[in-house]
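For reference, the structure is listed below as structure tokens.
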Amino acid sequence: MAIITLPYRYLERLAGTDRQTIIDRVPMIGADIERIEDDHVDVEFFPNRPDLYSPEGVARAMRGFLGIEEGLPAYTVRPSGIAFSVDPGLADIRPFLGSAVIRNVNLDEEAIESLMALQEALHWAVGRGRGKVAIGVHDLDTVTPPFRYIASPRNRSFVPLDFEREMTMEEMLADHPKGRDYAHLVENFDTFPLIVDAENRVLSFPPIINGELTRVTAATKNILLDCTGTDRRAVMTAVNIICTALIEAGATVETVTVEGEEMPTLAPAERVVSVAECSRLLGLSLTPQEMAGLLRRMRFDAEPDGDSRVRILVPCYRSDILHDWDIFEDVAIAYGIENFDAALPATSTVAQEHPIPAVAGAVRSVMTGLGYLEAIPFTLTNERVLYANMQREPAPGTLRLLHPISEEQTVVRTDLLPLLMEMLLANKHRELPQRLFAVGDVVEDCVTYLKVAAVSIHPAADFSEAYAAADVLCRELSLSYTVVESADPAFLDGRRGDIVVDGKIVGVFGEIHPAVLGAFDLEHPVAALALDLTAVPGYPALPDTP
């Protein structure tokens, strides 16, 4: 979770209240206070509220929560006349660009630190370590529009931020601290993303580093914001959060034309929610008027829509609002978590551990004892990772998303091993050996069950290592098994084995096939195993598949 530093003097001015009130009430909007210092307080917010990752965002929320200023913040934008073009050659690298012009900023040292902290927090929470989104903030008055986002030769040179000499982009990946940290995001591409102005001067090498030319200082009055990435929704989330935070600080926002699209609009989204459903979930008896009033304190526009519904406008910066229940959570916060009456459950039972988490816990104990580090892959993935890269045929029972928002997340995972291979790719710049395991749900034929997978990558990884780990795991799980030669194409012929229990293949282990290593751009051998945990004694029987 992100820890945000909130300077008292700045926050008091923006929030319109005193520091003690802020300290007393900020935990009620979903924060944990980490440290209280003489001039600031450090507060930890959950990753689902990146709009609170700045003093400006916290002040906006506190004004509503305390009843100082309720309802939807009024944001207006006007056209800047500035245009941005996007090179089609970036389609497979970082295809999406979001931008805005922010004028009349007042950047003292404290405000610059706040802006940079917001940028880095968004890189973590929204950008997934700059993989999905990278943010650039530039002094607009040092460059000349229009701007171009291009696929550049790798030997293009410019002066990177905090350096005094020109370097090629390849040199930056090796010698610049940010280059070393994020080289893995671009180093495998033939060309690199680059942002240049009308005079072909470099503003930024996303997602690595800005140019020294556009450094933001206390003298900066007008900012050009760029957000590049692989996920359009995440890119625009970052744009909206930064723009609205700076508006709270007194700036004005102007749109930029990106490939014919004016952005940002900062327009709210409309929803209609049920009062009865909210009341049932929260154990309250709310009227539409009461519910609308509570939502206005959470900075929504809300009005009763008949006798049973409330029509609301959701601020553009609230990227966490995905479902009606997210709205109901805000109703509970505005009502006051401390105002809910504690009640004992209606029934009393004797508890015991469910067998499925018991099996998962046993697996974790064994694998960590073998020196493996647990990873938690995403539940959603795509068929390229699951099947094509692994040289496997698609499983007929794969559950596909009807309306995926990203090409990277189109199906629910049916296996964990491909996702661990993807994690090895993401960490190939880290030192070896790396040993990872994952235990979690997979879905086939609309049935959810538990699997485990493990990988070990280093120059000496081999069949014996995978066999030894599989043997220890099966014995510790009380599995009576035999091993037969496997035909799994993800593994190397002659160095692979199937785990058989009661005549059924329930797992596989061995050395990953070189073609699979190549598909994941891995340069060292990988020993791996995978096991279906429904074979473990005591695992509940699965329902019949449709």
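Using the three backbone atoms N, Cα and C, a Cβ is placed for every residue, glycine included.
Straight from Swiss-Prot, the features:
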- Asp320, Asp326, Glu329, Asp330: Mg(2+) binding site (BINDING)
- 266-342: domain 'B5' (DOMAIN)
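Shown here: features listed in Swiss-Prot, placed on the structure.
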residue	record	Cβ contacts under 8 Å, 6 or more apart
Asp320	Mg(2+) binding site	Asn48, Arg49, Pro50, Asp326
Glu329	Mg(2+) binding site	none
Asp330	Mg(2+) binding site	Leu294, Leu295, Met298, Phe300
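DSSP classifies Asp326 (Mg(2+) binding site) as helix under the three-state reduction.
DSSP assignment over the domain 'B5' (266-342) gives 33 helix, 16 strand, 28 coil.
In this model, the domain 'B5' (266-342) carries an average pLDDT of 95. When Cβ atoms from all protein chains are considered, those within 10 Å of Asp326 (Mg(2+) binding site) total 15, not counting its own. Of the chain residues outside the Mg(2+) site list Asp320, Asp326, Glu329, Asp330, Asn48, Arg318, Ile321, Trp325, Ile327, Phe328 have their Cβ within 8 Å of the site's Cβ mean position.
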